[in-house]
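Straight from TrEMBL, the features:
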{"type": "TRANSMEM", "residues": "41-60", "note": "transmembrane segment"}
{"type": "REGION", "residues": "71-92", "note": "region 'Disordered'"}
{"type": "COMPBIAS", "residues": "77-91", "note": "compositional bias 'Pro residues'"}
{"type": "REPEAT", "residues": "92-125", "note": "repeat 'TPR'"}
{"type": "REPEAT", "residues": "129-162", "note": "repeat 'TPR'"}
{"type": "REPEAT", "residues": "360-393", "note": "repeat 'TPR'"}
{"type": "REPEAT", "residues": "509-542", "note": "repeat 'TPR'"}
{"type": "DOMAIN", "residues": "691-802", "note": "domain 'Transglycosylase SLT'"}
Amino acid sequence: MAFGKPALYWKNFLALSGFSPSIDIPLHFQYKHQYMFKKPLAVILLFSFLIISCGIPLQVGQQISLETPTANTALQPPTPEPSPTSSPTPLPSIRLELGESHLFMGDFDRAREEFQNILTTTNDEKIQAEALIELGKTSYLSRNYEQAIKELTQGITQNPQSKNAGTAWLHLALSFEALNKPDAASDAYAKLAEIIPPVLNDYIQEWRGDALLNAQRPAEAAQAYQMALDALPADTDAVWLKIKKARALARAQDTSTAISEFLSAYESTSNQYAKAQINFLLGQIYLNLGVPEQAYARFQDSVTNYPMAYDSYSGLVELIKAGQPVDELNRGLVDYFAGQYGLAVEAFTRYIDSQEAPSSTAFYYRGMSRFYMSEYGNAIADFDVIIEKNPNDRFWVKAYQQKAYILWAYLNDYQTAAQVLMDYVNKAGDIEDAPQILFEAGRIFERGNYLTKAVETWQECHEKFPAAEISRRALFLAGITLYRLNDFSQSRLIFQRFLILSDNPEDQAAAYLWVGKTYQAENNLQQAKIAWEQAVQRDPTGYYSQRASELLVGRSPFQSQNPINLAYDLNLEKEEAEAWLRTKFSIPPEVDLNDLSELRLSPAFQKGTILLELGMYEYALREFEKVRQQYLNDPVNTYKLTNFFLEKNLYRLAILSARRVLDLAGFDDASTLSAPRYFNHIRFGVYFKGLIQQAALKYNLNPLFLLSVIRQESLFDPAAISSANARGLMQIIPPTAQEIANQLQWPPNFDLQDLERPLVSIEFGASYLARQIRLFDGDLYAALASYNGGAGNTLIWRELANNDPDLFLEVIRFDETRQYIMNIVELYNLYRLFYEQKP
């Protein structure tokens with residue numbers, strides 16, 4: 001993923017868990033822009049107008065009837081009440097709020113309608129100017145850049161002192177950049193710098209420098225970059241900004257200063273990619289100066305020390321073109337990491353042929369290059385050379401693993417593959433990775449349907465390495481596999497042994513559940529009931545305890561029989577929460593829990609607040625995460641941040657902060673359920689309510705099910721982007737998104753940026769989920785597995801499970817997918833706890 005300012009991409013730091021590892025999302029997120037409320041109204045007024053203007057058929061506080069449960073009522077939508085037949089004409093200020101709310105939801109058409117209505121319903125020029133600026137933002141987000149420039153310019157002209165002038169100048173700059181008008185963009189950034197507090201100079205001057213450089217004004221760009229550097233805190237790693245400045249100086253023909261800046265940047269960082277880039281850029285300068293020996297020294301430094309960087313490959317090309325000698329081993333490594341596998345094989349072969357005792361590095365990476373070239377036999381031959389060497393060789397275990405992988409995944413030789421790994425364990429003895437390797441041998445047997453061998457191998461794993469964490473999983477899977485072999489008594493003995501050896505409540509609940517399943521298979525329902533009752537008590541908020549409670553009453557997963565009520569009043573609950581907070585943490589009455597003055601002293605909070613107002617949410621979230629970390633052990637300020645983040649619709653940060661308060665109060669997962677309702681309604685909030693209700697109606701889904709999926713996928717962050725490039729609230733990958741857009745023939749002119757629009761993401765995700773549910777005949781476990789792990793894999797797992805959802809979960813071979821389903825089941829049951837009405 002390329003990160004660029006016009007698209008407003010960034011990487012977010014991994015946050016601390018907001019609930020538990022089994023519920024919250026173990027993903028690194030990257031973020032893009034999103035527009036949020038800046039002037040929140042009273043909750044009831046805002047939602048009433050929003051629902052009226054959106055035509056949402058369900059009202060705040062409405063009870064959603066699910067009185068006729070189907071075989072799986074997570075498929076059953078809410079029953080709508082009649083839509084309102086008339087509505088009052090909102091005031092212009094209310095229309096501004098509604099327009100901003102539509103922007104946040106990604107409904108650009110309705111946002112534009114609200115802002116345009118203001119222009120025709122008021123003569124107040126200042127309000128009209130605000131509407132024009134909002135229209136310009138809407139046009140920018142709609143990728144109508146010419147129209148954005150027209151509207152933003154008109155808004156600023158009409159009211160130069162607008163409180164949103166900064167937002168206008170920013171979006172003018174972004175629109176000019178999108179149209180490749182960098183001179184105009186740099187002027188807009190200069191205007192922005194004049195009216196925004198200097199605390200943001202590090203951001204604004206870098207953006208301005210980028211525009212100036214694109215405008216072929218490198219000397220001015222270098223000055224802007226220096227202003228940005230001067231504004232940064234002293235401990236900031238600014239190597240990439242330093243590189244920008246040095247490049248600008250080089251383009252301005254200030255060569256000596258550029259070289260000095262590059263050398264200083266090189267010494268200031270340990271980032272190998274930055275060092276390789278600096279070496280390549282310095283080399284280009286030296287070549288232009290006619291001192292090639294200096295250039296070649298730089299290229300050689302990168303080839304030798306930073307082979308993984310692509311700039312090192314660029315340097316290698318220059319060395320080869322110039323006929324410079326290059327170490328063949330280093331050359332092969334640089335070629336390999338650049339994806340030039342054929343060239344890498346040639347270089348490694350030349351190296352191997354020239355050495356009496358060649359390094360195993362050459363054999364390993366030649367083997368890997370041949371693997372990627374589909375030369376499987378040759379790859380195995382290279383790995384065998386390493387396998388025959390000393391066990392202390394750093395590539396020894398990797399050679400075994402790669403050989404085994406090729407054998408089972410590409411040559412379908414499961415037994416030989418598993419034996420390769422078992423040979424490694426026998427030779428390696430009691431070393432750190434041996435338990436994992438032996439576990440994988442069992443998994444290969446299981447993949448090949450050699451189930452008895454899988455059981456034996458997993459039991460051996462536990463017997464040889466009883467203290468290893470993976471060995472517990474091995475023993476558990478031995479029990480599951482015996483169950484698949486219909487050897488229920490031996491399976492039960494394994495689970496009973498697993499129970500005795502485990503002190504983890506989740507594992508104990510799992511063991512009791514499967515003890516009960518073995519009794520059920522033998523038609524001993526009384527003993528099954530006793531085991532499941534034990535399972536329920538072990539881990540009340542965990543998957544296996546919740547599933548055991550369903551088995552006790554014969555309920556299918558995700559089945560719900562009671563009405564749900566999605567209404568709650570955070571204002572009332574906040575009073576209760578603050579009273580509890582004062583008692584729990586001995587907070588004196590004179591401490592104002594709504595006072596943000598201490599937080600506002602933080603430069604990061606100041607930056608985040610201004611960036612949020614400007615619409616630069618990628619950077620704002622980065623700054624607010626710094627603040628959250630700063631006060632991580634301060635319950636009072638963490639509580640204040642919870643409220644602030646919630647007000648600003650920064651739901652992920654609000655959820656994490658709310659959970660952190662409970663952590664500081666000493667709550668574990670189970671005890672959080674008895675915490676004040678305010679915290680749990682934030683942690684498990686009904687965010688994007690109207691959109692979720694509409695999608696639930698349209699696609700015959702339970703809204704609690706959709707909420708659970710969204711919370712697991714993105715923690716309600718509309719702009720979340722995963723390492724796999726899955727995007728938006730429902731984390732849809734680009735190929736699937738394009739397929740859905742083609743099928744729905746919506747939205748017009750679909751672009752990947754549209755996935756950050758909640759309106760689009762929820763529609764796409766619900767549509768795709770509904771399609772998976774149909775594909776798997778209403779099986780929600782299979783639908784979720786397909787959503788996360790792919791339909792092809794799910795078809796295989798489903799064949800192994802014989803329509804048993806409990807067995808299906810355990811035969812899933814991807815830990816991530818199995819945990820994904822468990823998390824969503826846990827979340828769904830928590831949402832049921834908070835929003836399902838008890839009879």
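Backbone N, Cα and C define each Cβ position, glycine as well.
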DSSP-assigned states of the repeat 'TPR' (509-542) in counts, ordered helix, strand, coil: 27 helix, 0 strand, 7 coil
Three-state composition of the repeat 'TPR' (129-162), taking helix and strand from DSSP: 27 helix, 0 strand, 7 coil
Chain residues in Cβ proximity to the repeat 'TPR' (129-162) (below 8 Å; excluding those fewer than six residues from its ends, i.e. six or more beyond): 33, 35, 92, 95-96, 99-100, 103, 108, 111-112, 115-116, 118-119, 168-169, 171-172, 174-176, 178-179, 615, 749, 751, 753
For the repeat 'TPR' (360-393), the number of residues DSSP places in helix, strand and coil: 25 helix, 0 strand, 9 coil
Secondary structure composition of the domain 'Transglycosylase SLT' (691-802) [DSSP: H/G/I, E/B, coil]: 76 helix, 3 strand, 33 coil
